[in-house]
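Participant: Sharing a structure, written as structure tokens. Questions coming.
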Amino acid sequence: MAIKYGRPIELREVARGTGATVPHALDLTVRPRRNRKAEWARRMVRENVLTTDDLIWPLFLIDGNNKREAIASMPGVDRLSVDQAVREAERAMKLTIPCIALFPYTDPSLRDEQGSEATNPNNLVCQAVRAIKKEFPEIGILCDVALDPFTSHGHDGLISDGKILNDETVAVLVRQALVQAEAGCDIIAPSDMMDGRVAAIREALDHTGLLDVQIMAYAAKYASAFYGPFRDAIGSAKTLTGDKRTYQMDSANTDEALREVDLDIAEGADMVMVKPGMPYLDVVRRVKDTFAMPTFAYQVSGEYAMIAAAANNGWLDGDRAMMESLLAFKRAGADGVLSYFAPKAAEKLRAHA
Ligand SMILES: NCC(=O)CCC(=O)O
Ligand SMILES: [Mg+2]
């Protein structure tokens, strides 16, 4: 008996007829292509499916009214004033996308060394959460917790003598999470990669009676070149000094990702995330297999931009590449994907439903 893929298999001893009826036919018992011979047959044996329930749609916010501003490095993605974000939330509802994520472009005049605007209960994100929840209480809203959209230096934390301060930053992140949760945010998603922030945020939420607010931890977030267009979108690309390698993970590591995820679960994370997505599918798979937690991946701005740019040049079939890239996350074990393609993919999925 042979063992393959963890299962015992008996080798088949099939008596083959002599003299094939088709000239040049190979004497093959097993022909895997039979299961691919038609679309109905492929559907029968398909192992993974993508549905609209798998999508989280990140939106960019900007101050103003009735405003949509194109982001050059993310063709097809706009910065939206709050009223327009409410319209997109409605679109998400109609497309049965369960959750949207909000990211602000903070006016440069409001950015400072401490990222003070992050804890303003009336900042752009909080305004948008209130406006969306008022009209569409049924849609999930995820808010990112990190200081980079609010700091003049573009880092996710406070800096002193060129160093990112961990514990002092966590204290600010706790206040940021609280103003978002009090505005009505459903899922707090710390993306800062400071140590101990999940425990501190969980404790503060519970202490305030916000027991039902979930935490999706950006548990394994790598220092990546694929965030470039996002930094254009939130306006931190030009101001960012240095890099984020003292807090975001080294792209060479996967054991370390498991330790980070383990810690965030112990600290109270309800869901965990790996970011970026496609270049880190091995990490998604290891995390899912090791912890069996709701596991998400972020198909980041650079991944979006690569596919969108190639498609706009006619080098790729954009729609097919989009769907294939999203399905890859399901195959790797992800329960869902944050993707700028979410509305387009949902439209396609519903057209074929
Ligand atoms: N904290 C959210 C991100 O950093 C997003 C990155 C991207 O889309 O490139
Ligand atoms: Mg950590």
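Here the Cβ of each residue, glycine as well, is placed from N, Cα and C on the backbone.
Because the structure is a prediction, the values reported are computed rather than measured.
According to TrEMBL, the record shows the following:
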- Lys221: active site, schiff-base intermediate with substrate (ACT_SITE)
- Glu260: Mg(2+) binding site (BINDING)
- Lys275: active site, schiff-base intermediate with substrate (ACT_SITE)
Participant: Please report the Cα separation of Lys221 (active site, schiff-base intermediate with substrate) and Lys275 (active site, schiff-base intermediate with substrate) in Å, rounded to an integer.
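Facilitator: The Cα atom of Lys221 (active site, schiff-base intermediate with substrate) is 5 Å away from the Cα atom of Lys275 (active site, schiff-base intermediate with substrate).
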Participant: Below 8 Å Cβ to Cβ and six or more residues apart, same chain only. Which residues does that give for Lys275 (active site, schiff-base intermediate with substrate)?
Facilitator: Ser191, Tyr218, Ala220, Lys221, Tyr222, Ser224, Ala297, Tyr298, Val300
Participant: At a 10 Å cut-off from the C-beta of the residue listed as 'Mg(2+) binding site', count the other C-beta atoms across all protein chains.
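Facilitator: Neighbour count, Cβ to Cβ under the 10 Å cut-off: 22.
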Participant: So which recorded positions out of Lys221, Glu260, Lys275 are up against ligand 2, CB under 6 A?
Facilitator: Glu260
Participant: If you run the three-state DSSP split on Glu260 (Mg(2+) binding site), which class comes out?
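Facilitator: DSSP call for Glu260 (Mg(2+) binding site): helix.
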Participant: With every protein chain in view, how many other Cβ atoms are within 10 Å of the Cβ of Lys221 (active site, schiff-base intermediate with substrate)?
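Facilitator: Excluding its own Cβ, Lys221 (active site, schiff-base intermediate with substrate) sees 27 Cβ atoms within 10 Å.
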